[in-house]
Structures are given as C-alpha cells and as structure tokens.
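Before any comments, here is the structure.
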C-alpha cells in the first residue's frame, strides 16, 4: 500500500481533527470496493465486502426492523452509489440484500455495546441540567492523586448539587454584570424546579436565604477518589449531555437561527467538555485512560499524537484548578467559547490581542470572520461574544482587584484549550461508546432532540 503520497497534514484545521493518511487508515481497503455503494470497503461485513457506512446502515435497519418506502415514483429504481446512498433508504436496503448481506448475521451478533450517551438521553430527556444524580463511583483508589496531577487532591463538586461552602468567595452575591451584557446574555444555570430563587434583572440568579438553608440540610457526597477509566467515560458522557442542556438554557443563543445554533455548537463542544472536566472531574486518571486507549489502538502515530495532546489537556486542567475558578467565571468562559467570533482555525491570539476590552464592537475583522463561516446572524454573535468578555472582565475587576492579569490569564487558558483536538477527546472518551457516529453528529442530534 502506498504510504504517504500527497502527505496530507495530520491536523484538519477546519474541523480541528485528524485526517488519516492511507497508511494510518489501515482498516480501509482501497482496492476492494463496497458491493453496495462502490465506496472503499473496510472488510467483510455480514458476508460481503462493504464500507462502514453501508454496514452500519444495514445493522441498524435489521435490529430496528425498519420498513422503508421508496421515495421515487419508479419504485426500486433509485441509484445507490457513494454520492446518492443516503437519498433512498428503501433502495439502499434492497441493494444490501441483493448483493448478499446476511440479516441472520446481525440477529445472531451480540447486542450493541452499552451506549452511555443514548442511555443518558433516555434518563435525562426532559430533565434540566443538574436534576439527575451522578453515577455511583467506586471506592478504590487506583493511583496516587498528586503523582498523576502534579497537585494534591482537589475537591470535586458534583454537578447538579451546590458546590461546598467556601469554594466560591462570598463576594459573588455582590456581582452585577454590566448593563451591556444584561441586555443580551442570560448566562444563568437552568432553574431547578420548585426551588425559590431571586432572579435579578441581569439574568443571573442568587438563591434566597430559605433556599440556601434547605440546601445546607442536604447531604453532599464525599469527594470521590480517582475514578477508573470506564467510570471516567461514563461521567464524561453525562457531562456531554448536560453541556447540551446548559446551552439550551441560554436564551440569547436559542433566539439565533437554528443553523447558527448548530454551527456554534459544533465549534464549541470541545471547550465546553474541557471546562466541565476542570470544574467537576479533577483530579483525573489520565494515565489509566491512556493505558486503556493504547491497548485498543495499534496505530503508533495516532497514539503518539493523542499522548502529546493529553499533556496539553492536563496543563489546561491544572491551570484552571490552580486559578480557583468560580461558577460565574466558568459560565462566562462557556459563553465566550459558545459565541465564538472566529472559527477554531483562526488566529489563536485574537482573544489576547483584544484583552483590553471595553464594551465596544471588538476587532474589525470579527464580523467578517463570522460571515465567512456561514453565520446568518454574525453581528449578533460578535456582540454577544463581546458582552460575555465584558461580563467576565468587569466581574474580575470587582472580585479580584489584586489580580490585574487574571482576565488575560483566563483568556490564555481558553486559547490553550485549542491545542487539544476534538479527535483526541472523541477517541479517548467516546469512541468505544459511539462507534462510527461522529461526536458532532451525536451532539447535534441531541440538541435538536432527534432520535439517533
């Protein structure tokens, strides 16, 4: 097999993920076409050589007993090839049978792998973020915390429960975001039903005294030890789902056109995931995660890249932990990441170059960069990005007056997150769970509440 003809770059800048060269894609049989659509096959599936797409389609159709109807007026005559294979499911399934796919091989195959994401979708379908309980965490400590993370054990607040008293400064109650942010942003976490809260006119909320007293009587779980790899993946999947619910709670975001919502979600899910890991899952057993991943992945080139990016991931988590980020700062960082003025491939110095923000319109190229990636409401997105930065800047001035560089430091950590590719997170935490489905497709379906 030809090794590196054309030598494509490992990193696809548009999607911040890995493009596999022919040498790296050892599963693809470039000389053996799929008998269904004539794309490159990946081996024998259900009795014939087929690509992953057609094999997955056949498996889902048989397991779910799908009955498709041909969309063409000429029943059963639709073209099924690489370009048109998704246009008519009835004809695609018919061709699968015609070329020899064996449905009994699907029925006698073991059931689908435990899909944490789909199970969480069922468990939390109508729940607000934080309404559910965290999965039970094993009591065994697998490795020493300080040795893995570089700092002693850090309290890990559990999502869905208030963080421990003293974790956030008392001056948080005095925070008032700037009026410019109030007019556009609603960054408050989703309201938990049946708990009275005092809603300020700025969109942030602070609990009433009665609510705080009620929470004080609620037993908080102990700080969990380092989790086993499978439990890290389980909890990571739950946070992925809760991130989607958090995004749904941001009023200004949901008022954007749906294509803009999906594009921004696709570009920011990675930063949301990293922030959730820092806020709720430190310290994390990366050593075991890498060990498990290496045992399942024989490609040394990919393994080396994932290992390097894990170090960048750990560096981001360490910095966020040492900065003692409070919940308001985390919300502002999420909003800054969500209302991204430029795609991830843009200059990584944009935020630092604009770190002396006031409440102006931002850099002159921000709207153009937003338009170039297809945003329908690029002006609104740029304005909300600036307002989120203003909210963070003014909050830090009020609450950390002795740390004049804190704002720039936090924006620097946001830029550092770009060093961790979506591919690495997808491979390390979700590949075994989601199979051939891309994480972007899965998140988009979750957000749109479409059945997967």
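From the backbone N, Cα and C atoms, a Cβ is placed for every residue, glycine too.
When Swiss-Prot is compared with the stretches 34-54, 97-117, the one noted as zinc finger is 34-54. Range annotated as region 'Disordered' by Swiss-Prot, chosen from 312-341, 342-371, 372-401: 342-371. Checked against Swiss-Prot, the range among 70-96, 124-150 recorded as zinc finger is 70-96. With DSSP states grouped into helix (H, G, I), strand (E, B) and coil, the DNA-binding region (31-108) comes out at 27 helix, 9 strand, 42 coil.
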